[in-house]
Structures are given as C-alpha cells and as structure tokens.
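Look at TrEMBL and you will find 133-232 tagged as domain 'Phosphatidic acid phosphatase type 2/haloperoxidase'. The transmembrane segment annotation in TrEMBL covers 188-205, 217-238.
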Amino acid sequence: MCVLVFKYISQIDRVVVKSAGVLLLTMCIGLSAYAQRADTARFQEGEAVDGKVSPMYHREYAVPAVFLTFGIVSLRNPYIKHQDRGLRDGLQRDNHDRFPIDDYTQYVPTASFLALDLLGVEAKHNFKSRLFTGLVAHGLMAGTVNLMKGSLPVMRPDHSAANSFPSGHTATAFVGAELMWQEYRHQSVWYGVSAYAVAAGTGFFRMYNNKHWFSDVVMGAGVGILSVKAAYLLLPLVEGRLKGKKRAYVLIPTYNGEQYGLSLHCSLH
C-alpha cells in the first residue's frame, strides 16, 4: 500500500508534497514539545500515559491520513476521476438551482467552538488557548489550501475556474468540527457529532452546487482535520504563557438598522 502511495506521489506536482510537509513539520515540532512533558503529565482519552502513545491516539490520525491519501491519489487515478464525474452527473441530473447554504455553514462549527463556552458550556481549554488553536489551525488550513489551489490546476465541475482542488469551504468547516470535537466531547460527544454533521453537509452542498468534485471535498476534510491536530500539538509550546492571566469578555447583540449581529468584547489582564 505504501509503495503504491509513493508511486502516485512521485507522479504529481511537488507542491502536494510541500503542502503536506508544512503540516507534518508543524506536527513534528509539536510532538517534540509533547514528548518533553510526557513524563510529567498524564493525559486522558487516548493521548499519552507514562510517556507512551496509546492506540487511540494513533487512530485519531488515521481518518485524516486516509482522506489525504485518497485526495493525492485522485489527482492521477483515472478510476477515481471517473467516479467523480459519475457522482457529479448524478447530482446535476435535474438541473436544479444553486442553493448556497454552504457559503454560511462552513463557519458554523468554528463559531460554535468559540461561542459555546460563552453560553455556559465549559470547554476543555481556556479562552486564550482556544483562540490560539483556532487561529493556528485556520492559518495552516488556509495556507495549505491556497498553495494547492494556486499550484494544482483542477477545473471545477461548472468550469468556472481551475482551482477546484481542494475544497476550501469543506476544509474550513472541518477545522471547526475538529475544534468542537477536541474542546467539548468531554461534555457530550453530540457537540462534536453535530459539528461534523454540519461539516459533512457543507461538503455535500459544494458538490450539489456543482462547485467541487468528491475528491476535492475529501481532500479538504483531511487538510482541515490535520490542521487542527497540528495546532493542538503546538499548544504546549505556548500554553504556559496563556495560563494564569485573567480575562473578561462579554457577548453583546448588535443592530445597525439593517442587520443583526453579535459583538465580542474581550479584555486581557
């Protein structure tokens, strides 16, 4: 299996390897920090105990690894491309109107990740740690997606542009979903499940609206999830600086005469 994967990787543009390398390098830096504190801290839920990484910890990386492998292989695999076209043809058979709900649902998981704690649901980490992981994860995701889009000319199903691979909307949604899973699953797994349902729905509507192929969506999901994993591996490097300082924040409804919204006021001391 590994031989086949490397065979396909060697045939595609080097930018894919470079993009994946950015995430892997970030994760390696985080793993170094993780290893340094493994003998002084005990982690729950399959992370690390007595300096050893449990099988549960490894399994958390299996899904994004499979998604990324599928996405990379799809660039040169005629069978996957044929399946992409078949799925597109099936979804577009009725010539339905575009339903752009995915332009909004891509942000719902991340908004929930930030707002739930403000509404009384206690998160796993404090606000500043969550803000750090959220910003780093979205930064890694955006950099990886934009690098691939600009360097791998895959035509969109609707022929509107040659920047289909991978799906940025899907990657954004899955970043938020994985953030929700990391921060609120100790309260209830349904917070994470609901966020992943919204993310999966976002990916579906990218295909339904004829903006992306199935392989674009799968790759976007993998990039999104892995970006969050990398962000949490980096968190130990700065977590000490983020703790022990008081913060005050308040969520205020706003209305400008035309639109309703929410304003977050945060004070760090």
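Just so it is clear, glycine is given a Cβ too, placed from its N, Cα and C backbone atoms.
Note that TrEMBL annotation is computational and uncurated.
Residues of the domain 'Phosphatidic acid phosphatase type 2/haloperoxidase' (133-232) grouped by DSSP class, helix first, strand second and coil last, total 75 helix, 0 strand, 25 coil. On the 0 to 100 pLDDT scale, the domain 'Phosphatidic acid phosphatase type 2/haloperoxidase' (133-232) averages 97 in the predicted structure.
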